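Lifted from TrEMBL, the feature list:
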- 16-70: domain 'Alanyl-tRNA synthetase class IIc N-terminal' (DOMAIN)
Amino acid sequence: MTEKLFYEDSYITEFDANIIDKIEINNKWELVLDKTYFYPEGGGQPSDTGLIDGIKVYKIYEENDTVYHLADKCPEGIMEVYT
């Protein structure tokens, strides 16, 4: 489960997070962070986009209280995140 910080402050554009799960699908990565300010898609609205350690995050979605961050590469460890 991801701590959803976007409900607390929607104006944060930089934060630190840890990868708690990663899934490779067709040379793309679905990353689960311990916490996120990225707002997932839903209700007809597109998701936030941004960078995780300089790697572009192009889609965010939520499923069963977990927020997935889709990226072309997989960063390691503690990361700087920019929304």
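Yeah, the Cβs are placed from backbone N, Cα and C, and that goes for glycine too.
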Please work out the mean pLDDT for the residues of the domain 'Alanyl-tRNA synthetase class IIc N-terminal' (16-70). 94
Pull the DSSP breakdown for the domain 'Alanyl-tRNA synthetase class IIc N-terminal' (16-70) and write it out as helix, strand, coil residue counts. 0 helix, 37 strand, 18 coil
